[in-house]
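Under the heading transmembrane segment, TrEMBL lists 12-30, 57-79, 85-104, 111-130, 150-171, 178-203, 215-235, 247-267, 279-299.
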Amino acid sequence: MSQTRGRYDFCIGLVLAMSSSIFIGGSFILKKKGLLRLARKGSMRAGQGGHAYLKEWLWWAGLLSMGVGEVANFAAYAFAPATLVTPLGALSVLVSAILSSFFLNEKLNLHGKIGCLLSILGSTVMVIHAPQEEEVETLNEMSHKLGDPGFVVFATLVVIVSLILIFVVGPRHGQTNILVYITICSVIGALSVSCVKGLGIAIKELFAGKPVLKHPLSWILLLSLIVCVSTQINYLNRALDIFNTSIVTPIYYVIFTTSVLTCSAILFKEWQHMAADDIIGTFSGFLTIIVGIFLLHAFKDVNFTLANLPLSLRKDDRAANGTLLSTYDCFNHDEESSACLGEIQSTESLSARRNGSLSAF
């Protein structure tokens, strides 16, 4: 009976996590379109500290979509371990990237598509080899976990790093460095997940008829969650307003997942009971996600599609004559393709004349 109940909870958590990714991925698009509309109207942008987006209905639609996704995510953490739910957030990367190409004209090239695929495959591997967290069924057990010296040190470091990024690094480099605002959202997100996990236990106990509302930990977790989520929303808006959505989403996923897995490992001591193959599988899956994110980020400005692939293969023989770079540049700049091809032909003619001159000797 217990095993059947465990499978049932697993399936519920899995479905909720997947639906959460769909709603959250869509929320990025709605928010971005709202912010772009405000920019066209000349309003002070969120990246500059403006809050005009509060009057934009598209932004509110995105917030509602994210709220639905977060609720589903909240429920998923109540039914399944964080190490199962969190890696499935990679689906929001795929959803956001695909919707961005349709609604925001942020083209996703071949490298980006491969990167999305690798992110999904890596997440799948991580789910298969995910460590099983210790059973925490009551708020009293959760309070003991939160009072562990290791977690206290971790939480203190998170708060200190966040404050430094917000008040020292952010005003200087937030407009130019994509990692600043995203790191703030991600590290604070690790604490948000811990609060969500504790509140999920509290809700279960509430339905069981226990006096949860009289337990001080319930209110501490709720207040902490409100503060953390508010901070995340604020700085995620700034990142979305300044940088490309298809870049913000995957980088946010990587840093956020790393923070949550670290926090979960410290809080629940789950890595102590993992087999060697599961440890290797977890790290392999995460490294696969990193490679996928790199492909999304590093080659985002390269106009390379499957339609270019046969052409590049036909040009392999010309690479030896020094024309590979020109061919690659043609992929990057469609409007200059004729000029590029002309240069390639000129280079080939010059090479032929040189070969002819050499053969004459």
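Every residue gets a Cβ built from N, Cα and C, even glycine.
TrEMBL does not curate its annotations; it predicts them automatically.
The stretches the transmembrane segment (247-267) and the transmembrane segment (57-79) are not in mutual contact, being linked by fewer than three Cβ pairs under 8 Å (pairs 6 or more apart in sequence).
With a cut-off of 8 Å on Cβ pairs spaced 6 or more residues apart, the transmembrane segment (178-203) and the transmembrane segment (111-130) reach fewer than 3 such pairs and are scored as not touching.
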